[in-house]
Amino acid sequence: MGSRQTALQRAAYIRGSRETRSLHTSGLGNRGRDTPGDRGMARAALQLLTLLWAATRTSTQTRSSCSVPSAEQPWVDGIQVIMENSVINSTFPNPSVLIAMNLAGAYNVEAQKLLTFDLMASDTADLTAGQLALTIMALTSSCRDPGDKVSTLRTQMENWTPSSLGSYASTFYGPSLAILALCQNNPETTLPIAARFAKTLLASSSPFDVDAGAVATLALTCMYNRIPVGSEEGYRALFVQLLKKIVEDISTRIRDNGLIGDVYSTGLAMQALSVTPERPNKQWDCQQTMDTVLDEIKEGKFQNSMSIAQILPSLKGKTYLDVPQVSCSPDQEVQPTQPNFPSPVPTSASNITVVYTISNQLRGVELLFNVTISVSVKKGSVLLVVLEEAQRRNPKFKFETRMTSWGLEVSSINNIAGNVNDKTYWQFLSGKTPLIEGVADYIPFNHEHITANFTQY
């Protein structure tokens with residue numbers, strides 16, 4: 001399942017919170033004996049200053065203090081090409097990929113057009129709030145009118161309630177994306193929805209995972225930056241209070257090598273920590289994070305199009321807050337500089353043995369089992385091949401998959417399927433360590449013990 005500091009020396013970041021509040025409380029307010037004309041001029045000046053401040057923040061807030069060295073740029077170009085090429089053969093139009101293409105500047109214009117048209121024509125009736133939000137942002141970044149998708153999303157969020165105050169924090173991932181998309185479309189009508197959402201998050205007792213916390217930070221930062229003129233100051237205080245809580249939580253996940261959470265949650269976290277107006281107590285070395293991510297790219301960790309889509313904006317100095325500012329240039333295909341990938345050393349097609357266990361020990365589920373099998377597959381095979389070989393040899397290992405934005409996900413094993421309402425899913429582990437790659441991406445090693453455990457979150 002999906003798991004997702006500050007740049008202390010960010011060059012061009014406008015802090016603005018205290019300074020702007022002072023503009024609201026000194027020099028422009030009623031002085032007791034001003035005339036109606038004075039008050040009108042004051043209101044006009046306030047509106048102008050607020051608009052200028054918001055525009056300045058929007059144009060500078062995504063400039064972080066770290067960047068990809070020019071010598072390493074071909075590696076970034078390489079994973080962008082992998083992501084864009086995935087569009088042609090994919091049956092799943094992924095809005096996250098289109099957002100990343102537009103923020104980074106697409107190389108493959110035909111793939112960009114194809115994905116844009118697929119998303120415009122897609123049926124949004126069964127989409128979750130998060131999926132619909134990403135679709136709106138993808139179309140917005142393509143200079144396309146999302147149409148009635150925005151009003152549909154607004155209605156969803158007006159009726160949204162968490163399953164409980166103790167809901168697992170990852171369940172706020174989709175609604176956070178929704179607040180972000182609505183904020184970029186119309187912050188004034190979004191304000192009461194965002195305030196109710198923020199109060200719900202403050203009341204939640206569950207810690208945030210990195211992904212959900214990062215997206216919530218982006219959404220709240222958007223609202224903080226775009227609070228309409230004349231709104232109560234309490235809104236700003238509410239967003240600041242929650243931002244401080246979430247950003248501190250994210251900062252505790254910064255590892256010694258600079259990664260935030262795991263390698264695949266780092267991209268969204270980098271976006272969040274580079275724009276938040278609230279700085280965590282723990283110092284974040286943005287360049288260290290960038291350098292470690294580049295090392296992971298060289299190790300081949302970014303081959304999945306979704307993982308690339310989430311890291312690419314940060315590698316290009318962009319965040320999801322830049323979506324409304326994307327400039328749609330005339331069609332012009334650009335050929336990137338390709339990295340010199342190391343040539344693989346020829347090896348014999350040797351086999352490896354993988355021990356594979358399926359286990360369901362959840363009480364209340366009708367079929368309890370714990371079955372293990374050893375299978376032999378070609379070295380370099382992905383985990384999906386192991387599952388297929390186990391299924392071929394023993395019908396108890398029958399499994400089903402479904403396509404998601406992250407690729408194939410195992411939805412059922414031995415006729416036991418995960419259920420959102422029951423908060424159950426199949427979790428894969430190597431030994432006792434949860435895998436952070438999917439079955440179509442993870443490559444087992446010889447004599448590794450893989451367990452598929454039916455789990456409740």
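The backbone N, Cα and C atoms fix where each Cβ goes, glycine too.
What TrEMBL lists as region 'Disordered' is 19-39.
Here the Cβ of C66 (disulfide bond) has 22 other Cβ atoms within 10 Å, regardless of which shown protein chain they belong to. The annotation disulfide bond is assigned in TrEMBL to C66-C286 (among others).
Non-local neighbourhood of C183 (disulfide bond): T190, A194, A219, C222, M223, R226, each in the same chain, at least six residues away, with C-beta under 8 Å from its C-beta. Under the heading disulfide bond, TrEMBL lists C183-C222 (among others).
Marked as cyanocob(III)alamin binding site by TrEMBL: D211, D262, Q310, L435, Y457.
Around the Cβ of D211 (cyanocob(III)alamin binding site), the number of neighbouring Cβ atoms within 10 Å comes to 24. Taking the Cα of C66 (disulfide bond) as the reference point, the closest of the binding-site residues D211, D262, Q310, L435, Y457 is Q310. Between the recorded positions C222, C286, L435, the minimum number of other C-beta atoms within 10 Å of a residue's C-beta occurs at L435.
Here the Cβ of D262 (cyanocob(III)alamin binding site) has 16 other Cβ atoms within 10 Å, regardless of which shown protein chain they belong to. In this structure, the binding-site residues Q310, Y457 were compared by how many other Cβ atoms lie within 10 Å of their Cβ, and the smallest count belongs to Y457.
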